[in-house]
Amino acid sequence: MYVSPKSLSVCVSTGDGCGPSVLGPSSGTLSSLGYPGTYPNHTVCEWEISVPQGRRLHFRFADLDIEDNNCQVNYLRIYDGVGPQRTQIVKFCGLGLKVPELIQSAGNRVTIQFMSGTHRSGRGFSLSYSTTEHTDLITCLDKGIHFTEAEFTRYCPAGCLTSVGEISGTVPHGYRDSSPVCLAAIHAGVVSNSVGGQISVVSSKGIPHYDGSLANNVSSTVGPLSNSLFTFKTSGCYGTLGLESGVVRDSQLSASSVWEWSDVIGQPSEWGPSGARLKRVGLPWASAHSDQQQWLQVDLKKEKRITGITTTGSSLPEYQFYVSAYRVLYSNDGQNWSVYREADATQNKSFQGNTNYLQEVRNNFIPPIEARYVRMSPTQWHQRIALKFELFGCQFHQGNQTSQSDANVALAAVLVPVLVMVLTALILTMVCAWYWRNRMKSSEGAYDLPHWDRTGKHNTVYWWKSMKQFLPSKMAEGEESVRYSSSEVGRLRGRGNAPRLQAKPAEYAQPLVSGVVTSLGQRSTFKPEEGSDHCYTDPDLYGAPMATDIYHAYSEPLPASGAEYATPIVIDIASHLSGISSLSQPPTVSSFMGRSPASLLTRTDSGQSGRSMYDTPKSTGQATPIEDLAYQVPQSSSQKPAGQS
C-alpha cells in the first residue's frame, strides 16, 4: 500500500494546514492543523491514499466544523482517484455539520483536500478511514457513553494516540464511560496505534474510583464515580512468565555488566541481574557503565509467545535510578538477534520507559514476539541504568507451521492411549470368558447335570428345557422323557479334590439337584457310598471342612440305635408312560421339587391307569419322633396312599 500526505501550502508562517495524521496500511486518521483549536488562515493540504487493486475505502467523520462565510475558499473535498483525472465525491462547508453515514469511494485511490481562506472560527475536521471490509469502523472520538450495548465489537482506526481525549482507569478494573474507546484500547494493549484493529468491549456497572497509569505511551488519569465502565476481551495470553514468581531461575538471567561497590564501612554491594525481578524487595539490576551498549537478558528455556513487558526503576528512594526509553531484541538461539518493530514499520520501535524510579510502566508487543531469548537495551536513563521487569505471554503453539515430526508425536499421543484401552478391554474379555468357562465346567463336575447352552442362541429356551428335567412329572408334561443310566448314579458326588468332612458314621441326605434349595418334607436319607475312607466326600459347593459336631444343613443324623438306610429310589421315566413296572428297568435317579410331603406321592399322566409308587414316609400331619419313623414298601395296588385326596 502506498500512502502519501502532500502539502500545497504557500505560507510557511501560518502553517500548511496538514494536522496530525497517521496513515496506516488499512486504516488511519486525518485532522486539520491545530484541531480541536481553530485552523490557520490561507492554507491548503492534500492527502493521497492508495490501497491494493480490488479494494475500496470508506470514511467516517468524528467532527466537521468549517466556517462557511465563503465556501469557495473554505471547504473539505473528497475525490475518487488522484491527479488530474480525479472526480469529486463530496464537498463540505459549514459549522457544526453532522455526517453520520460512511462515505465510500468507487476505486482504490482517494484524494482528500482541505482549504482555508480568511476566517475567525471553526475547529476544522477530524475523520478516520479504513478499507470497506471493516463495516463497523468508528472514530477516535467515540466514547463509552456513546454505546448502549452490553457487549459490542468495533473497528478502531490507526492513529488514535494523536487524538484529543482523556481516559480514566486501568486494564484490570476497567475504564470510565467518559473515556474514548479506541484510546483506551491502545492503553490496554489490545490494538496498536500504528495499525488499529478490532476490539471486543463489555460494559458493566461503574465503580467509585478509577486509578491512573502509564501504558503504551498513553497516560490514564484518576477518575471519579461513573454510572458504567467498559473493559476489553482479550485472547488470554497475558499471564506472567515467571520472573516475579521465581519460575525463571537466577541462572537464566544475564547482563552486559554489573555495578559493584563497597560502602564507607567496606560492605560490598552487587546490583546483579538476579535483582531485576519486578516487585521483589532488594537491589535491582544496574549496569557498571552508562552507555547504549548495555543490556539485560532472560532465557525462557523454550520458545514462548511474549505479549508485553512491565518495567520499573530501582524502587529505592535513596537510589532514584530508572530507564526512560529502551529497545527490545529477541532470538531463538542466543546468537542471532532481531530488533522489535511494529507491523509494516520500517524503523525499530523505541518503547517509552519509566518517568520515575517507582511507577510501573507497561508496553505491549503488537504483534507478539515469538522467541526463547529476550534482551532489553536501554537508550535513555536517569542518573544510572537500573531497572526491574516482568514479561507477559503464554506457551507458543506453532499451529499450521508445526513440523511433520511434531504432528506424528501428536498423533501418537492420541493413538497410544486408545490402543492401550482396546488391548486392555480385549484382555479383560478373554479373562472373563476363561473364568466363566472354568466355572461352568466346575459346576458340571460337581453335579454331572446337563450344562447350559453356550452358543448364546435361544438361551432362554435351552434353560427352560434343562430345568424341566428336574421338575415333577406333571410340570414336565408333554416334554420328551430324559433317561439316566445306572452308571451315572456314581457320578453324583464331586469330581474335584474337595475337602473331606470328618464325622462319626451317620446318615446323609442326598444334595439337592442343581443347587436349588428346597424342602423334601419329612426326613429322607441315603446311605453314602462305600470307599476306603468311611467319610463323606463333600462336593465342590462347600469350600471348607466343618467341625465334627456341626452338620450340613441338608443332612440330619439318624438315631444312635442303629443305622438305617433307605434304598435308593429307582424309576424309569420311560416306563412311566407305558405303565410297565420300573423295577424291571435299570435304576435311575430322579429328584423332585415338592412343596409338601404330598408332592412325593405317585403321579401319572392323564389317562394312564398304571401308577408308580415311591418310597414315601408316612405322614400324620404332625412331627414324628425319630424313633417311630417307618418307611412304606412299594405296593402293587393302584389305590392312592393314605392321606392323598
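Using the three backbone atoms N, Cα and C, a Cβ is placed for every residue, glycine included.
Among the candidates C45, C71, the disulfide partner that TrEMBL records for C18 is C45. The disulfide-bonded residues examined here are C18, C45; by Cβ neighbour count within 10 Å, the least packed of them is C18. Helix, strand and coil counts under DSSP for the domain 'CUB' (18-132) come to 3 helix, 58 strand, 54 coil.
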